[in-house]
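Listed in TrEMBL for this protein:
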type: TRANSMEM; residues: 30-51; note: transmembrane segment
type: TRANSMEM; residues: 63-86; note: transmembrane segment
type: TRANSMEM; residues: 107-131; note: transmembrane segment
type: TRANSMEM; residues: 151-168; note: transmembrane segment
type: TRANSMEM; residues: 175-198; note: transmembrane segment
type: TRANSMEM; residues: 218-239; note: transmembrane segment
type: TRANSMEM; residues: 251-271; note: transmembrane segment
type: TRANSMEM; residues: 306-327; note: transmembrane segment
type: TRANSMEM; residues: 355-376; note: transmembrane segment
type: TRANSMEM; residues: 382-409; note: transmembrane segment
type: TRANSMEM; residues: 421-445; note: transmembrane segment
type: TRANSMEM; residues: 457-477; note: transmembrane segment
Amino acid sequence: MSNQIEESGSAPAAVDTVDGRPHRKLRGTLGVWGIVFVVVAAASPLGVMGGPVPLGIANGNGVGFPAIFVVSTLIILLFAVGFTALTPYVPDAGAFYSYIGKGLGRVTGFGFAFVALISYLTLEVAVYGLIGQGAQALFTSYGLPSIHWGIWAFGAFAIVTALGHFNIDLSRNVLGVLLIGEVAIVLALDAAVVFSGGQEGLSTGIVTPSEILSGAPGIALLFAILSFIGFEATAVFRDEARDPLRTIPKATYLAVILIGVFYTVSTWALISAVGDSKAVERAQADPSALLPNATEQYLGTAGLHIVQVLFVTSLFACILSFHNIVARYVFTLSNRKVFPGQFGEAHATHGSPHIASGVDAIVVAVAIGVAILFQLDPVTQFYTWLAGISTVGVTTLLIATTVAVLAFFTRRKRAGQLEVSTWRAFIAPGLGLLGLVISFVLILQNLPGLVGNSTPIAIGVVALLVAFFALGAGIAARRPHVTLE
């Protein structure tokens, strides 16, 4: 007998328990803004402003970097057009691999399911290195004893694991509060800079072709694309969304636009705060100090302290978001009979993937423990190595998803069943694919720099992703009963 739970708000619905089987349907009441909060928090706006943005200025195209955010926003929006056009044909939560499977076949879809899983898992684990060091630096700045970064990482881990056990609505509320705080302080800095006129007047690099094309625009594009990772997770929460056919596309577009506008304006304001003539020099001298120093100059000591605290909470929000994403990947793959069935059980009361969440927590705990055991630097080794895996993996997923969109609608057109416009089915995805392929080539060219200037590690990153793809595809090929739906 059917044991599917009706999606009727967040209250537990009646369940047929005659056969004693566990719940296998997630529940939630996420609306457009709820999903936007979750995925924008995963993008970690304040974390990006304190990390990739200074690096993009220092190593990319300098004061022309804000214009690269405009370009990357357009690329991601073009991708989103095809992504959302295919959404009605993908009935279940599963994000990229379900979309890829629709266009490129079941075996390929499951191969990329494993690529997605390792990409998001490694990014979740990587940020624990940042939050550990960030919390350590925060508390020592107030004169408190220095505590090993691993202790702080495990403290954050405990809170994330607890929140992951409950309904997604609880995580949404926590993420909403943290996100509002980090966005508010950056917008306050933006306003202070604009109203004061900046250090040398407001930056003109964003509209100056010679500045936009100066330095290494390719590296700048790499950091800009990296800053968007997380937006595509809107589809992961399909089963926990109200009216997903309407909610998911709106949340996707809204998240991309908000992230793009926020990064463009705030990066331009940060450069203006320092001055066009000094921005690159200061970013190269100490990238991590660029945002705090500007905040202290324009918002005072109180503003500096707020940024330091919110930087840590921003990283926490990022971890919590990716924990939720990974747990739902494990949950969905378990219900596809790829992983043990127990991992695909939903909590009877909370409607959450509590066992999948626990599996994710175990892997994370082991990874942090290994990093501590081998005395890895939390940022230059632990974070950069794992972030390299995620960057390459997610970009590959974006490309494969776009190819799948084009393949799917090509078949529909040949069969005389094309229900969407040519723009949504072919033109926008095609242009997005061009931008993504260029970005991917640039990422591969600069991958050794992303993973600590180590070519062997860069090769290892690519080999690991290929191995996970082969593992997923191999499982699907050997198990014909394993389906994407």
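Going from the start of the chain as shown, residues are counted 1 onward.
Glycine residues also receive a Cβ, built from the backbone N, Cα and C atoms like all the rest.
Contact check: the transmembrane segment (218-239) against the transmembrane segment (457-477) gives fewer than three Cβ pairs closer than 8 Å, residues 6 or more apart, which falls short of the contact criterion. The stretch from 63-86, 107-131, 457-477 that makes the most Cβ contacts under 8 Å with the transmembrane segment (382-409) is 107-131. Most Cβ pairs under 8 Å to the transmembrane segment (421-445), among the stretches 63-86, 107-131, 306-327, 355-376, belong to 63-86.
At the 8 Å Cβ cutoff, the transmembrane segment (457-477) and the transmembrane segment (107-131) share at least 3 close pairs (sequence separation 6 or more) and count as touching. Counting Cβ pairs under 8 Å to the transmembrane segment (251-271), the top-ranked stretch among 30-51, 63-86, 175-198, 306-327, 355-376 is 63-86.
If you count C-beta pairs under 8 angstroms between the transmembrane segment (30-51) and each of 63-86, 107-131, 175-198, 306-327, 355-376, the highest count goes to 306-327.
Between the transmembrane segment (355-376) and the transmembrane segment (63-86) there are fewer than 3 Cβ pairs closer than 8 Å, counting only pairs 6 or more residues apart in sequence, which means the two stretches are not in contact. Of the candidate ranges 63-86, 107-131, 175-198, 107-131 contributes the most Cβ pairs within a distance under 8 Å of the transmembrane segment (306-327).
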